[in-house]
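> One structure, as structure tokens, below. Some questions next.
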Amino acid sequence: MRAFPALFLASLALVLGASRADPDLLQDVCVADLSSGIKLNGFPCKHPSTIGANDFFFAGLANPNFPNNTLGSLVTAANVEKIPGLNTLGVSMSRIDYAVGGVNPPHTHPRASEIAFVLEGELEVGFFTTSNVLISKHIKKGEIFVFPKGLMHFQKNIGKTRASAITAFDSQFSGTQSIATTLFAASPTIPNDVLSKAFQIHPREVERIKVKLTPKK
């Protein structure tokens, strides 16, 4: 029986070790070499002699970017593609600007949880659990809302003026999968009969939606 605690502790250590999301850094920084042709999980490091302050700097979130699209929202990302110094650090941010009535439509971030801070205006925000329960709330300037990793969520400007929010992620590159675009504008396309049965609509309606959502060349 004395062997049991030792066996349990050894097994627990293996499980905890295997469940860690990212290994610890083996050097001070690993600035992403975005021009490298090497493909791996993340980006290879630039040589330390070539890095500088601009690898850790980005001014793109300082000012609003007014949306000029049918959704009425515009996302400005501050991830490893914009800030190479984020490579291996497991963090990133974005800014979302909303026109009156603008929507950041249902989407997911497969690699990160998200926390949103309202800079200006008032938003209706929410996410859906895997039991199809909507968790939603009205939030205003100075308030925060959290979207769990991988769950579908949205935001809508419900105020009478433009709105803005800053969001943060526990990933250097969270990934974004817009639900409508993924289903109706995938390449190659999802067969119309699959979408027709899934949404209980006529195949001609599926085709009309695809035409609206497919990017114009």
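A Cβ is built for glycine as well, from the same backbone N, Cα and C atoms used for every other residue.
So TrEMBL lists these for the protein:
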type	residues	note
SIGNAL	1-21	signal peptide
DISULFID	CYS30-CYS45	disulfide bond
DOMAIN	59-207	domain 'Cupin type-1'
BINDING	ASN104, HIS109, GLU114	oxalate binding site
BINDING	HIS107, HIS109, GLU114, HIS153	Mn(2+) binding site
> What subset of the recorded positions CYS30, CYS45, HIS153 lies within 10 angstroms of HIS109 (oxalate binding site) at the C-alpha level?
HIS153
> Cβ-Cβ under 8 Å from HIS153 (Mn(2+) binding site), same chain, 6 or more residues apart: which ones?
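Counting only residues 6 or more apart in sequence, the Cβ neighbours of HIS153 (Mn(2+) binding site) under 8 Å are PRO106, HIS107, THR108, GLU114, VAL125, GLY126, PHE127, PHE128, PHE147.
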> ASN104 (oxalate binding site) to CYS30 (disulfide bond): how many Å between their Cα atoms?
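Cα of ASN104 (oxalate binding site) to Cα of CYS30 (disulfide bond) measures 32 Å after rounding.
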> DSSP-wise, what's the residue breakdown of the domain 'Cupin type-1' (59-207) into helix, strand and coil?
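Going by DSSP assignments, the domain 'Cupin type-1' (59-207) contains 22 helix, 58 strand, 69 coil.
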> Over the domain 'Cupin type-1' (59-207), what is the model's mean pLDDT?
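Value for the domain 'Cupin type-1' (59-207), mean pLDDT as a whole number: 96.
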> Near HIS109 (oxalate binding site), how many other Cβ atoms are within 10 Å of its Cβ?
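So the Cβ neighbour count for HIS109 (oxalate binding site) comes to 23.
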